Amino acid sequence: MSAADANQLQESLEKLNLDSAPAAAEEEAVAAESAPAGEEGADSANVAESTASLYVGELNTSVNEATLFEIFSPIGQVSSIRVCRDAVSKKSLGYAYVNYHKMEDGEKAIEELNYSPIEGRPCRIMWSQRDPSARRSGDGNIFIKNLHPAIDNKALHDTFSTFGKILSCKVATDDMGQSKCFGFVHYETAEAAEAAIENVNGMLLNDREVFVGKHISKKDRESKFEEIKANFTNIYVKNIDLEYSEEDLKKLFTPYGAITSIYLEKDAEGKSKGFGFVNYEGHEAAVKAVEELNDKEINGQKIYVGRAQKKRERMEELKKQYENTRLEKLSKYQGVNLFIKNLDDTIDSEKLEEEFKPFGTITSARVMVDETGKSKGFGFVCFSSPEEATKAITEMNQRMFFGKPLYVALAQRKDVRRSQLEQQIQARNQMRMQNAAATGGIPGQFIPPMFYGQQGFFPPNGRGNAPFPGPNPQMIMRRGQPFGGPEQWPRPGPNGQPVPVYGIPPQAYSDFNGQNIRQQRGYYPNRNQNKGRQQRDLAAIIASAPPDQQKRILGEELYPKIVATGKAQEPEAAGKITGMMLDLDNQEILALLEDDELFTNHFEDALTAFEEYKNSEAAAPVAPAAPAEPQA
């Protein structure tokens, strides 16, 4: 487009009221206000004629008013254009309204531009129907199915336009733009629709026999569904011998009544797939065939015979069956199924059952294992009664078993556990905010232990000083990571200060002492030196640590994870949020550390509480400063 053309287009757009073309709901109000009382029938048509409003559909979301003006303005003088957009996101809904001053220009636009590509996608143009009753009326609307995938909107329009004036025409497509092999044609008159049904129904279009009939709204179809269901004539047959032909199937079902059609599903090679359909003339014959032939053994295998169902109906029934089975299973095991964790790796299902057998009758016991058969450290034991399960919880929870304290509780679904944790932390956040309002601050700030040394080096011992102490929660690595490179230890805290982490096994201590001098000079231990050494499980560490140290250990795990989110920007934010989250039970904190999604949810709640506190603190009135005393 030349510069002159661009300037002319810009000037034309400025003259247009691009927002004056009302959307569908607004159009109805405009039409209603324009028509005088008592003359609605004739005058509503006059309003439509005077505005010459066109609906333009199937548009790309990138199409805007300027693009449409460039396409439609050569036809005639455009009065207004509007691309309809989402009220919130302002993204195009894929359709627009173009208004001409003259009716002739609108007709010409439909003739010349309908189904023409706009940004690579064929558009669909029709007269705007402002009367909702006319749009929703079934008169003149027909439904076509079993269309060839190659038939698009234009091909469908060209095929059916010979029977009368078409108001709208559309082939249904999926999200990828592929045809669903059915479509709709809306004629101006019911007579044209009847003519199309009479002439095209049963015809071959692109070597496919199509069905053409009156369009029935979804509401009407669903209201008639129960009636059709109760008077079915079509039956489904499966588990048929693969050697059976349609003729054999006909001989089997003919004794029960007159058959209108038989269909046996076959593969690409023409071989039977073992199922098919039989349609009777009357409902009684279909019912009799189902009663007589269902589960009947033919050629050594039982066949299934039942009422034919649509895919949607089958899916709904299967979903209901699954839900009923799930609820039945939940009620069956409610209060009797126990969850046991912190099991030693040597414990198998037999040992677990043997340990819990004294408390009652066990219906099942299982230790969960991975793909290699190695224990995951937890399992389930199901008793025959809730009383036995309660006794087992009372006696076995926190009992030492193979050197590890067991955690025993009633088994819960994952979604239930997550919901409970979320409710607990929300309740605690509310209590914290109330306490903060009462005391003037957020309680429970966690101050992580820090070393103030040169950034990038380990804390120096100094010449002649004693080496670092033994395994200390303030001086050891995160669990599950080898003792290695500079990015692992010390981890950066606020202002670039290194923050100690947790998890060095005791056996690494000898190597640690021997490397102090090298560490002071900027050297780091070999990554692979301690490779293969197992780290102690954090849950076991917490269980074996003194009560006054447990929260500190967990805090050293939470703090770097909170810092790593990058959302705790203020210097004190990470410490205060860590303090909030440390108010949770130890088991809840362990769950947060294991589940990133759960951690994120609780962190966001705590961050919101902290920000609300800061905002309320900032909004509080500040006492005026005392005037400065004059200096001598």
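Note that Cβ sites are derived from N, Cα and C of the backbone, with glycine treated the same way.
Per Swiss-Prot, compositional bias 'Polar residues' is recorded for 1-11.
Taken from Swiss-Prot, the feature region 'Disordered' applies to 1-43.
Annotated compositional bias 'Low complexity' per Swiss-Prot: 31-43, in sequence order.
Marked as domain 'RRM 1' by Swiss-Prot: 52-130.
Taken from Swiss-Prot, the feature domain 'RRM 2' covers 140-217.
Annotation source Swiss-Prot lists domain 'RRM 3' at 233-310, citing sequence analysis.
What Swiss-Prot records for 336-413 is domain 'RRM 4'.
Per Swiss-Prot, the feature domain 'PABC' maps to 534-615; the stated evidence is sequence analysis.
Of the candidate ranges 52-130, 140-217, 233-310, 534-615, 534-615 contributes the most Cβ pairs within a distance under 8 Å of the domain 'RRM 4' (336-413). In the domain 'RRM 4' (336-413), helix, strand and coil residues by DSSP number 22 helix, 30 strand, 26 coil. Within the model, the domain 'RRM 1' (52-130) carries an average pLDDT of 90.
Mapped onto DSSP helix, strand and coil, the domain 'RRM 3' (233-310) counts 22 helix, 30 strand, 26 coil.
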